[in-house]
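Taking it in order: structure first as C-alpha cells, then the write-up.
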Amino acid sequence: MSQAGVDRLLRGLQLLLLVLRLSAGYFPEERWNPESSLRNPTVLIALLARNSEGSLPEVLGALDTLHYPKERISLWVATDHNLDNTTEILREWLINVQNQYHHVEWRPQEHPRWFKDEEGPKHWSHSRYEYIMKLRQAALTSAREMWADYIFFLDADNLLTNPETLNLLIAENKTVVAPMLDSRAAYSNFWCGMTTQGYYRRTPAYMPIRRRERRGCFPVPMVHSTFLIDLRKEASQQLNFYPPHADYTWAFDDIIVFAFSCRQADVQMFLCNKEIYGHLPVPLRSHGTLLDEADNFVHTKLEVMVKGPPLNLSSFVTIPEKVPDKMSFDEVFLINLKHRQDRRERMKRTLYELQIDYKLVDAVYGKTLNQTQVSELGIKMLPDYKDPYHGRPLTRGEMGCFLSHYNIWKEISERNLAVSAVFEDDLRFEIYFKRRLQTLLHDLETAKLDWDLIYLGRKRMQVDEPEEPVPGVRNLVVSDYSYWTLGYLISLRGAKKLLNAEPLVKMLPVDEFLPVMYDKHPISDYSSHFSPRDLLAFSVEPLLLYPTHYTGDEGYISDTETSVLWDNLTEPTDWDRAKSRKTQQQEKLRSEALNSPSLGSPFDNTARDEL
C-alpha cells in the first residue's frame, strides 16, 4: 500500500474513533444507559365462589403458579350462600398469600345459605342471577377505582393449567378476550352463534374451533366463565354487568346481559384457542346436588391427567387426606408394567382421587421372556390362531398381557376372593364411576344375579343385533363378542372356570379367550378347543371405562401389538399402528343394534348446551 493510502486509512480510523466518542458522550455527564423495560400491567383478578370446597385447592393452586408478578396483581374475592367449607378455605388462603399481592379485597357473606327462590344449590334463580351480576359489577367498579389496567374474571371451578395464560391474553391486545377451556365433552366457555333474542344458536363454526382444527383468536358473540377485560381501552368504560342496559329485553342471565352490554358498546368479544389454557367441568342440570358437583369436578381432574401432569394443589390451604376403600370388593387389582412409570403414577393418583384402594400388580413384560421360561410355563399357542386383522400369530406382548391376567386369576383362587375388580393402566374412568359401580353392585345383590364376569369397559364387536338386557339390574346386558380387558369384575367361580380351561397350553389373546369361554366367539375352530364354555359374562351399559388413547392418537402406545412373535424373537410386529383396527374406537352401531334406551345412566345430570 502506498504512503497516500496509509494516510487515508489513518484519517478514516481517526474519524471513526471521533464518532464513537461523541456517541458515547465525550464528557462523563453526557453518557447514558438504555431505558429500562416497562413494568407489567396491573391486573385485578376477580374470583367468585359458591359451594366450591371441592375445586378450590386446585383452582387456587393454579393461581399460585401463574407466571405473573404478584405485586402487580390485586385480588377481589367474594363468596356467599355456602352450604360447605368454601368461606374457610378462601379465608385461610387469603391470610397466607395477602402479603404477596398488591391489594386484597375480601367479601364473604355467611348468611343466608341459600336464595329464597332457588330449588337447590345448582338452580339458577332470578335472585341468584341478580346477585352474581351485582358482584361482578362491584369487582369491575373496584378495578376501575384503583386504576387497574385489566380485570380477569375467573370462575371457581375453572382450572388454568397453563401458567402463561395471563401473559398470553394480554398480548392479544383485545378489549374482551377469553382463553378456550377444554372439557370432557364439546362444552366450552364460548358461543359461536346467538339468536336475535339472545339465546344460544348452534353453528357449524363451533366444533372446528373447539377441536382446534382451526387455531387463532376468533370474534364470537359470547365468552363467559374466564375472560380478560382491558380497562385501558376507551370502550371498556361503557361495559357493565348490572344493572342491565336500558334497552335490554333478553333473558335475565349474567352472561347474556354482559354480552348485550358489549354489543351496545361496539366491543367485540374474542376467543383464543392457540394454546391449551385450562379446563372446566360440564355444568350440571338445575336438579344436581353438591355431591354431583364434587364428583363432576373430580372427573375433570381425572381428564386433565389423561394428557397432562396432575394438578397443583395450593400449599396455602389445609387439604384433608382422602380415605380410599375397596368398596365391597375383596380385592382391587391394578395391572402395570414397571417401565411404564407415567401410567403407574397417573393411575395411582386417579384411584386416590376416586378414593379406591388397590393392589398394584407388576405386569408380565412379554418381550423379556426367553424360550426357556416359555417352555417351563408350558405355553403353547392355540393351533392355527391368526390375528383377525393382520393374520399374524400371537405376539410376546399379548402373551405377557395374558399371563398378567392369568396370575391375578390364580391369586383370586388361592386367596379365595369372592368378588374382585381388575383394572389395566391405560383406561379413563367415566363420570360418577364409583357411585355408578356401587349402584350396580347393589342391584346385583338385590336381583341375586348369577354371574362370573362383568365388563366395565370393552369394544363391542357384534354390531348387528342389540344385546339382551338383564331383568332387574339397571345398566347391564348379556355380553356378546367383545374386545379389550380394560377393566372387569370377576367372581371366584369365574376365575376358577378360566383356570380350569388350561389356557396356557392353547393360548390366544386374553380378549379373544374370554368370548370363547362365554361361548360368543364367532370362530368355532377356536372355541372347539375349550369345554365347557359356560362363563356367565355380562357388560355394563353404558360403559364405565374407556381407553385413554386409540389407534392413531398422539401418545398412543401398545405393549401387546408392537412386540415380537411369540415363537420368533427376530420378527417384530410393529406395523403401521395408525391402521391397527383392534385398538380403534368403537365401530358405529347400526340403529337396530343399539341396546335399549332405558339403559341410559340415571346419573346423567349434565346440562349440554354444546354437546
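Including glycine, each Cβ sits where the backbone N, Cα and C put it.
The annotation signal peptide is assigned in Swiss-Prot to 1-24.
The feature N-linked glycosylation site is assigned by Swiss-Prot to Asn85 (among others). Cβ neighbours within 10 Å of Asn85 (N-linked glycosylation site), excluding its own Cβ and spanning all shown chains: 16.
Feature annotation from Swiss-Prot assigns N-linked glycosylation site to Asn173 (among others); the stated evidence is sequence analysis. All protein chains shown were included, and the count of other CB atoms within 10 Å of the CB of Asn173 (N-linked glycosylation site) stands at 12.
Proximity of Asn312 (N-linked glycosylation site) to non-local residues of its own chain (separation of 6 or more, Cβ distance below 8 Å) is seen for Glu58, Gly61, Ala62, Asp64, Thr65, given in sequence order. Per Swiss-Prot, the feature N-linked glycosylation site maps to Asn312 (among others); the stated evidence is sequence analysis.
Marked as N-linked glycosylation site by Swiss-Prot: Asn370 (among others). Within 10 Å of the Cβ of Asn370 (N-linked glycosylation site) there are 9 other Cβ atoms, across all protein chains.
The feature N-linked glycosylation site is assigned by Swiss-Prot to Asn568 (among others).
What Swiss-Prot lists as compositional bias 'Basic and acidic residues' is 575-591.
The region 'Disordered' annotation in Swiss-Prot covers 575-611.
Per Swiss-Prot, motif 'Prevents secretion from ER' is recorded for 608-611.
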